[in-house]
Amino acid sequence: MAAAAALEAVAPLGTLWGLVQDFVMGQQEGPADQVAADVKSGSYTVLQVVEALGSSLENPEPRTRARGIQLLSQVLLQCHSLLLEKEVVHLILFYENRLKDHHLVIPSVLQGLRALSLCVTLPPGLAVSVLKAIFQEVHVQSLPQVDRHTVYSIITNFMRAREEELKGLGADFTFGFIQVMDGEKDPRNLLVAFHIVYDLISRDYSLGPFVEELFEVTSCYFPIDFTPPPNDPHGIQREDLILSLRAVLASTPRFAEFLLPLLIEKVDSEILSAKLDSLQTLNACCAVYGQKELKDFLPSLWASIRREVFQTASERVEAEGLAALNSLTACLSRSVLRADAEDLLDSFLSNILQDCRHHLCEPDMKLVWPSAKLLQAAAGASARACDHVTSNVLPLLLEQFHKHSQSNQRRTILEMILGFLKLQQKWSYEDKDERPLSGFKDQLCSLMFMALTDPNTQLQLVGIRTLTVLGAQPDLLSSGDLELAVGHLYRLSFLEEDSQSCRVAALEASGTLATLYPMAFSSHLVPRLAEDLCTEESDLARADGPTRCSRHPRCLQALSAISTHPSIVKETLPLLLQHLCQMNRGSVSPGTSEVIAVCQSLQQVAENCQRDPESCWYFHQTAVPCLLALVVQASAPEKEHSVLKKVLLEDEVLATMASVIATATTHLSPDLASQSVAHIVPLFLDGNISFLPENSFSGRFQPFQDGSSGQRRLVALLMAFVCSLPRNVEIPQLNRLMGELLELSCCQSCPFSSTAAAKCFAGLLNKHPAGQQLDEFLQLAVDKVEAGLSSGPCRSQAFTLLLWVTKALVLRYHPLSSCLTERLMGLLSDPELGPAAADGFSLLMSDCTDVLTRAGHAEVRIMFRQRFFTDNVPALVRGFHAAPQDVKPNYLKGLSHVLNRLPKPVLLPELPTLLSLLLEALSCPDSVVQLSTLSCLQPLLLEAPQVMSLHVDTLITKFLNLSASPSMAVRIAALQCMHALTRLPTPVLLPYKPQVIRALAKPLDDKKRLVRKEAVSARGEWFLLGSPGS
């Protein structure tokens, strides 16, 4: 028995010995992993591995010793967590001793020490012992890159786990690391080394007398000029090194006396990258420096920054110079002063003012903008700096404004003033008398009003912006100023005939200021706009078309623009609704465009109200019943043939009203939405008009029963309401409503009504929680679709229902969506519905604007397009190959729609298999297919040049053919693709260059300007192809 046990014990050790010999003598790498796996599984211990390696570790041949230690180190790297404390001690002593061995052995020794540096059982004191041994015995910079990286890893591991022990070394640790790093050149190692230096400083390791040495050993790499080689497998970018080194240089004020002269030297150099890096580093340093560090260098720093802003041709250098000046000023602003200390901020700003003030007064204004930018960069750093600069510069600029009489010069000066006014908004002042602008208030207002009344449009625009900024300063504008300002805004936004930009700016300013000064706008602007609306109504009654055509929309825009405060909304909303009602009571019916203009103004007011729950509910309960009352009255049977009905019930008008109702509903709280739904659904199902204003309607309102075609059209408004409700709002009589919608969706008498019903049904399906009721609704829909598609006059309506139900289910990943999509694919071969089915794929992949939107609380999964692509494109491709020739265009069209709306990262991996179909789609005679495919291919030319290069001959031929298409949109897209082709590898394109340049001469004479523009752009790129620097 004992003999058997001994044999069993010896057998595995024999195996271990064999693996060791295979590794050491056979130069095979596999046995090391096998030994490590056996140690982890418990078959052997680390001690047994050491014993098996005994002869190898003591072999007189260095290479054999190196292989033995390499095996042990590889095992330890995988099994260090299994080591006991006493094992770690012995191994550390062994490896430290081996650091004195032959240079061939050192790499393997370092790998072993790296493994031991990861041990949680490492006893106190051994980390210091290891690092001392490395610092003393190893000349790190003579090692290969990978071994130097190992040393940095050992240091990093010990700094992470044994910080206090290492700090006990004092400055010796810092000096040792300086010796390790000195002379490092490999970017992979530098990234780790910079991180170590940063930790040395940020974690308060002792630098002792070696501050300058540590600075020198890192700053010698500044500025970084590393350029990664092509196809660099390590992925290290120049920016990575720049940021790591910058973090080190800017980590301590103790580097300031050495770093700031270096930065000044590099800013003054001729190398653009060095200027940028130096200015950005200075910016970072200012976050940790104080006045003491900057004091001696401020004149030189200011001189360098001033020169760069005044003289540089690079916008980036100018921007970085201004940012550095801002940081310098901020640093000087936040330093705490002693009572007897010099105020460096004051003297620094005085120097800036001294060097810049006189440029503001030069007649040619050559250096006005650079000087203003410098002053504003300094002023934007702190409240103190802003006060100092503004109080010195504003009087000068105000004086200059009056000295110059030309509008362009005045505009420049006012823009500079505006820049300083904007800076004042950054700082708050408890006492309004302390505000620097208080003393200039009258002069600024005078200047602003002069600009607003100047005939120069550009000066007016700056005046409007100045008014907005001054108005944002609390208590700066008096009531008289506000009344005058409102009058100017009224004039500019309502009366000016020749400046669209001024009108837009005045409306925007009105909206901003109305939020701040609602009383002023209620008192001085709303009454004037109300009066204008009354004038419009009388013009409308007289059919005075030319008079009202331009004034009417401007008045409406002004009313909606100022509806940014709840108190103003309560005045403007009734005005707009009353105006809409009055328009429809006149003897002459308004035009469609005029009714739409009113609805668009209501839409903007609704959007403004979404910011405030109270205003949102006020708008909803005021506007929605009023709009419904208007259209319900217009849809009454006795008004079937009236002009009023024709306007209010037109598709465009109802679509605009639907948008207003949806916007007014999406932001309602569930409680308030429940109150509203309790009125609106019964209105459509039961004809309950009791909640509508002026509800003295003759006849009945029954859009789902035997109602007139006009009443059925109003289902579009029901759709807008119920499809915008929060998901947790319960809809009354839902079963009945879904049934009525289903019936109406397949009604052939009015396509507008049936489509609205189908969309409404789909919108409710999408939000309905999973369960038996949803399954019942879906079964009803499928039965209705199949019955309608089988035969009869309602096939088109049944198809529309199928399409919208499919989309509703695709968006929420419902299992039935796959079956419905297959049904849709089957219709691609249908002679009557095939083209519409192909276009249906565009709808399935697109975002809707009226129903099934995230804003309307629909369930829209974030990856629905990717999932649809994965599930259905293979079937589309198979269907294309199997389809008859006359049906293939439908499959191509559907496929093109899917691919065109697919995120490009999803499409790129599938491109090789799909590209042939896309190229075939370009030969399809359908211009929609051509345009969709071109739109899909253009970004692919930029993102997948290698794949596209394989088909360059076909691509060029097809693109050039389509550049002569009858469709302007196709011609433009084809020329854009010809332009994008130039991003393919140049050697692939050069053989085609003469042919393409000749062919692109023809569209240069195209009758459409936009086509000619694209042709010029594309031909120019082909001309440059292969030239030096292209």
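Placement of Cβ uses the backbone N, Cα and C atoms for every residue, glycine included.
Owing to the predicted nature of the structure, the values given are computational and were not obtained by experimental measurement.
What Swiss-Prot says about this protein:
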type    : residues : note
MOD_RES : Ala2     : N-acetylalanine
MOD_RES : Ser1027  : phosphoserine
REPEAT  : 866-904  : repeat 'HEAT 1'
REPEAT  : 908-946  : repeat 'HEAT 2'
REPEAT  : 949-987  : repeat 'HEAT 3'
REPEAT  : 990-1028 : repeat 'HEAT 4'
Under 8 Å between C-beta atoms and at least six residues away from its ends: which parts of the chain pack against the repeat 'HEAT 3' (949-987)? 915, 919, 922-923, 927, 930-931, 934-935, 937-939, 941-942, 995-996, 999-1000, 1002-1003, 1006, 1008, 1010-1011, 1014-1015, 1017-1018, 1021-1022, 1024-1026, 1030
Non-local residues, at least 6 beyond the ends, that sit with Cβ under 8 Å of the repeat 'HEAT 1' (866-904): 810, 813, 818, 821-822, 825, 828-829, 834-835, 837-842, 844-846, 910, 914, 917-918, 920-921, 924-926, 928-929, 932-933, 935-936, 939-940, 943
Around the C-beta of the residue listed as 'phosphoserine', how many further C-beta atoms are within 10 angstroms, looking at every protein chain? 8
Count the residues of the repeat 'HEAT 3' (949-987) that DSSP assigns to helix (H, G, I), to strand (E, B) and to coil, and report the three numbers in that order. 28 helix, 0 strand, 11 coil
Could you tell me which three-state DSSP class Ser1027 (phosphoserine) falls into? coil
Taking helix as H, G and I and strand as E and B in DSSP, count the residues of the repeat 'HEAT 2' (908-946) in helix, strand and coil. 33 helix, 0 strand, 6 coil
Helix, strand and coil counts within the repeat 'HEAT 1' (866-904) (DSSP): 31 helix, 0 strand, 8 coil
